[in-house]
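Here's what TrEMBL has on this protein:
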type	residues	note
DOMAIN	86-354	domain 'SAM-dependent MTase RsmB/NOP-type'
BINDING	ALA178, SER179, ALA180, PRO181, GLY182, GLY183, LYS184, ASP202, ASP229, ASP246	S-adenosyl-L-methionine binding site
ACT_SITE	CYS303	active site, nucleophile
Amino acid sequence: MDKLVLPDKPPFDNEQTEAEDLPVISQRIHDIIEVLNNFKELGDHERGRFAYVQQLIKDMAIYYGYSEFLLEKLFNLFSISEALEFFEANEVSRPVTIRTNTLRTRRRELAQSLINRGVSLEPIGKWSKVGLTIFDSTVSIGATPEYLAGHYILQSASSFLPVMALAPQENEKILDMASAPGGKSTHIAALMKNTGIIFANDSNKVRTKGLVSNIHRLGVKNTVICNYDGREFPTMLGGFDRVLLDAPCSGTGVISKDPSIKINKTEKDFILLPHLQKELLLSAIDSVDSKSSTGGYIVYSTCSITVEENETVVNYALKKRPNVKLVPTGLDFGKEGFTKYIQRQYLSSFPESN
């Protein structure tokens with residue numbers, strides 16, 4: 001491959017780039033990535049690596065339909081090859097997945113019932129005993145007799161993980177601080193076998209309607225639905241064995257489900273959302289009974305991949321509440337969060353085992 005000539009000297013011409021055909025931009029994206037992966041041999045050292053990266057960001061923003069602000073923010077989280085894989089993955093629809101409601105049935109029985117109705121499916125993976133992936137169906141998955149009877153709930157596979165990490169035990173007192181539409185709350189209830197008590201809260205009253213519907217349909221009987229600002233719980237009702245905070249976020253991890261995120265997020269969002277997330281996480285911590293004989297755990301999760309909404313928030317809480325320690329999630333896949341990012345350093349050590 002010869003040295004790649006960029007469209008213009010920086011700053012690049014926006015109108016020129018936007019007027020180009022997408023196939024031309026796509027080819028240049030791949031050419032620039034090839035150059036950056038072997039810059040010593042293929043790069044123009046007078047222009048420098050930075051010029052290639054900036055052109056790559058500009059081209060990717062146009063090709064994939066992002067604001068340049070958001071694309072650069074997400075791009076910087078990955079290696080160049082990983083960034084390409086990430087943006088490509090966001091163009092692919094996720095498969096439909098369902099969670100078996102073990103309060104009503106077993107996965108094997110549910111799978112057979114759905115197969116008999118013309119549904120093509122298979123277990124999500126060895127890591128889940130309740131999940132099923134739906135490949136094709138001759139009937140609407142959200143309107144089968146099994147669905148209406150509460151034998152399953154439509155739920156993304158990734159949203160199983162916070163509840164698995166929370167690992168609720170029977171007869172505990174649990175708070176799901178931002179629970180609508182109820183996939184995680186009903187999962188907690190199933191793992192607790194309808195024992196103990198769950199407070200399923202959501203600050204948005206309109207969203208609690210779907211929460212009520214799912215709790216009734218799935219036969220959950222140990223749950224109180226409430227509509228409070230999550231920050232009120234420490235003074236209003238504390239003493240929980242475990243708290244799940246699946247926090248409001250930018251949604252940068254679910255762009256394939258909501259492509260509008262590509263263009264509707266601004267720098268202001270990544271200031272206001274982390275501020276709220278920090279306040280909610282401190283409230284979650286303060287709502288837990290640190291002397292619980294079975295619990296004393298908080299799970300913080302988001303559907304965002306940005307550092308500002310994840311590592312930075314957790315790091316803030318660890319500094320504000322020095323009695324809190326990080327513990328392993330118990331999940332045997334995924335990657336650890338950043339301990340260093342650009343010029344930031346994050347607390348990372350787990351407590352020593354007794």
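Glycine too: its Cβ is placed from the backbone N, Cα and C atoms.
Overlay of TrEMBL annotations on the structure.
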residue	record	Cβ contacts under 8 Å, 6 or more apart
ALA178	S-adenosyl-L-methionine binding site	ASN201, ASP202, SER203, GLY230, LEU245, ASP246, ALA247, PRO248, LEU280
ALA180	S-adenosyl-L-methionine binding site	ASP202, ASN204, ARG207, THR208, GLY210, LEU211
GLY182	S-adenosyl-L-methionine binding site	ILE153, ALA200, GLY210, LEU211, SER213, ASN214, ILE215, LEU218
LYS184	S-adenosyl-L-methionine binding site	SER159, PRO162, VAL163, ASP176, LEU244, ASP246
ASP229	S-adenosyl-L-methionine binding site	SER203
CYS303	active site, nucleophile	SER158, ASP246, CYS249, GLY251, THR252, GLY253, VAL254
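Maximum C-alpha to C-alpha distance over the listed S-adenosyl-L-methionine-binding residues ALA178, SER179, ALA180, PRO181, GLY182, GLY183, LYS184, ASP202, ASP229, ASP246 is 20 Å.
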